[in-house]
Amino acid sequence: MSNPSSPNPLRVGIGGPVGSGKTALCEMLCKRMRDNYDMAVITNDIYTKEDMEILLRADALPAERLMGVETGGCPHTAIREDASINLEAIARMSADFPDLDLILVESGGDNLAATFSPELSDLTIYVIDVAGGEKIPRKGGPGITRSDLLIINKTDLAPYVGANLDIMAQDAKRMRGERPFVFTNLRSGDGVETVIEYIRKQGLLDEKRKN
């Protein structure tokens, strides 16, 4: 966690492997938070703006509040080693919308070693999914062990892939210690309110609005 008490918009970095549900999470957060908070989203893709276009088609936010960044290389470079392209996008969004409360920064799909630079993200959320197998939490990696919040998505698929959610919970707790995790089914919305409450409280969103 960086400095959520800053007067600038809260920046929430959302990472995880390809297909884990990062864009679905962005969509759900936008649709459930946009009436109460001034929001924008920045998506990262290597050669396209596909994730931004998905959010646009889903009417997650107005087009001017969605920005797609083409990283042109390894996805984790743009969120860690050289975050300048994303920092520039945040600066542009903040200039266009001076009253922003919250900016979601979705990374391109990456491996378990991907992490956000502290200068880019105040809170980090890492999304994995049950379809990857119940062993995923115990594989570790910075995304699983050091993210502020771990999301284990697609719980509805557990019976079909032979994943035991109790074992995944035990492994997540062992790997993360006191850091929280939550099970979600983003298709149905299960668990989303828990994620929103975490962002609100840990990101001091309501305190920001008072100031």
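Just so it is clear, glycine is given a Cβ too, placed from its N, Cα and C backbone atoms.
Residues annotated as GTP binding site in Swiss-Prot, with sequence analysis given as evidence: Gly16, Pro17, Val18, Gly19, Ser20, Gly21, Lys22, Thr23.
What surrounds the GTP site, by Cβ distance within 8 Å of the Cβ centroid and not counting Gly16, Pro17, Val18, Gly19, Ser20, Gly21, Lys22, Thr23, is the set Gly109, Val127, Asp129, Asn153 from the same chain.
Of all the binding-site residues listed (Gly16, Pro17, Gly19, Gly21), Gly19 has the fewest other CB atoms within 10 A of its CB. Long-range neighbours of Thr23 (GTP binding site) (same chain, six or more residues apart, CB within less than 8 Å of its CB): Thr43, Asp51, Ile54, Leu55, Glu106. Note on the binding-site residues Val18, Lys22: the fewest other CB atoms within 10 A surround the CB of Val18. The Cβ of Ser20 (GTP binding site) lies under 8 Å from the Cβ of Gly109, Val127, Ile128, Asp129, Gly132, Asn153, each of these being in the same chain and 6 or more residues away along the sequence.
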